[in-house]
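Residues or ranges marked as active site, proton acceptor in TrEMBL: 233. Positions annotated as ATP binding site by TrEMBL: 112, 177, 178, 202, 203, 204, 205. Look at TrEMBL and you will find 203 tagged as Mg(2+) binding site. The substrate binding site annotation in TrEMBL covers 231, 232, 233, 276, 277, 278, 332, 390, 391, 392, 393. Annotation source TrEMBL lists compositional bias 'Low complexity' at 15-28. The annotation domain 'Phosphofructokinase' is assigned in TrEMBL to 105-414. Per TrEMBL, the feature region 'Disordered' maps to 1-42. According to TrEMBL, the feature site 'Important for substrate specificity' maps to 204.
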Ligand SMILES: Nc1ncnc2c1ncn2[C@@H]1O[C@H](COP(=O)(O)OP(=O)(O)O)[C@@H](O)[C@H]1O
Ligand SMILES: O=P(O)(O)OC[C@H]1O[C@](O)(COP(=O)(O)O)[C@@H](O)[C@@H]1O
Ligand SMILES: [Mg+2]
């Protein structure tokens, strides 16, 4: 039977049918493993088995054959992904490739802040100590450069010292951009006797972790590394979402609410909110969908023009005529090509090599004011601009993100102790999996503007594409 042909006949009278479909072969993108121990030491039983409280049931441990699928759905009519890709399922293994008694762990946070960083750190420390009995756990200060920093950049951590970290925004270890000197970093790791590295950061950190992993291999070192994906922008691909993102969206609501109040309380009022999102508009999109007060959402994935027929300003004028006010949410990376910049500004980068953006919020505010004065000089007009940039990422994680951070931290530890390295733990369609670092480092996560989500935005804001005629 052709699976793409719908059942014919009376719908109410039809019965379920079974259709057999042949799927393409499955490719396992396996997480790399540590080389065998030179001493020939064999597997160590998982200490959780002898933990006084766990009593793991037979289904507790992840079996060597457990995998999860990357694609949870596809259209049989247009062809399935070929090959189908699978990853190892994350979780505790019955036997370990790493002896916890000899393990020495280093935790580092890099890049921008994100709600939940401190929770991940806390859960790594507590999980290493209490699940596996790893007592040598160190926090490395101020990003990758801390590995080749002074002695006091390496701080011993234990469950007591991190007890309340999940309640705090930011990162207790401090974070920096730049300073990625591969040889110095690996020399520092070796000199301090670290056997496992947990690098918590965004896309840049993941690319750095790939380089460290490759250098470990090149030098024949038996040191494992895992990357725990952090990005408030949610711009890392393959995984369902990054931690801290939901918290950021929640806090963004407060800015949109304020913009809405200001807009409705003014004559011909516009509330303009700029949200984070360097190359992706996820925060702006999700904040728009959850708020429902937004009239227009601008994201980096969609070009727009401001003046003239079909432009943003004309749309806002019409919306004000209809409703008396309008709320605009703009992601920081949107409309960058519209803002005039000098050659020097075009070359400006942060310490990690990320392009520095001009501030789209004030630019939009002043362009709109200028346009209104010119086109409608006799009508009152007010724009209130709100920039909650750092407020949405410098807060502690909410309950959902705190739980997510805990599961990520535990998944990372289980993977490292099982002997995996060069991997990233993360949920794929809700299943925690181990994804090779090199896949994550290149997987971007732009907003798919052809997807239902963008259609939802349109249905909420009733906004057109601001295309040039
Ligand atoms: N291509 C790369 N190779 C090696 N290290 C990188 C690379 N890109 C960024 N890094 C390093 O990763 C760290 C964090 O990068 P950054 O872009 O600032 O933040 P994020 O990881 O949040 O994207 C910095 O120390 C930076 O130097
Ligand atoms: O001012 P900072 O600390 O460089 O951070 C600004 C950037 O941080 C971000 O949150 C992204 O940070 P990451 O690359 O560290 O994830 C962007 O939204 C923003 O452009
Ligand atoms: Mg980044």
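Note that Cβ sites are derived from N, Cα and C of the backbone, with glycine treated the same way.
Location within the structure of each feature annotated in TrEMBL.
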{"residue": "112", "record": "ATP binding site", "Cβ contacts under 8 Å, 6 or more apart": "175, 177, 202, 232, 393"}
{"residue": "178", "record": "ATP binding site", "Cβ contacts under 8 Å, 6 or more apart": "145, 350, 351, 352, 353"}
{"residue": "203", "record": "ATP binding site", "Cβ contacts under 8 Å, 6 or more apart": "231, 235, 236, 441, 444"}
{"residue": "204", "record": "ATP binding site", "Cβ contacts under 8 Å, 6 or more apart": "110, 111, 177, 352, 353, 354"}
{"residue": "205", "record": "ATP binding site", "Cβ contacts under 8 Å, 6 or more apart": "110, 111, 144, 199, 227, 230"}
{"residue": "332", "record": "substrate binding site", "Cβ contacts under 8 Å, 6 or more apart": "274, 275, 276, 277, 278, 357, 359, 360, 361, 389"}
{"residue": "391", "record": "substrate binding site", "Cβ contacts under 8 Å, 6 or more apart": "251, 255"}
Composition by DSSP (helix, strand, coil) of residues within the compositional bias 'Low complexity' (15-28): 0 helix, 3 strand, 11 coil
Listed recorded positions adjacent to ligand 1, that is, members of 112, 178, 233, 277, 391, 393 whose C-beta is under 6 A away: 112, 178
Local confidence of the prediction over the domain 'Phosphofructokinase' (105-414), expressed as mean pLDDT: 95
Where the C-beta lies under 6 angstroms from ligand 3, the matching binding-site residues among 177, 202, 205, 393: 202
Cβ neighbours of residue 233 (active site, proton acceptor) where a neighbour is any other Cβ within 10 Å: 28
Listed binding-site residues adjacent to ligand 2, that is, members of 112, 178, 202, 205 whose C-beta is under 6 A away: 112, 202
Binding-site residues compared (202, 277) - highest count of Cβ atoms within 10 Å: 277
Among 112, 177, 178, 202, 203, 204, 205, the record's ATP binders - longest CA distance, Å: 13
The one of 177, 393 whose CB sees the fewest other CB atoms within 10 Å, among these binding-site residues: 177
Longest CA-CA distance among 231, 232, 233, 276, 277, 278, 332, 390, 391, 392, 393, per record bound to substrate, angstrom: 16
Additional residues around ATP, ordered along the sequence, whose Cβ is within 8 Å of the centroid of 112, 177, 178, 202, 203, 204, 205: 110, 111, 201, 208, 352, 354
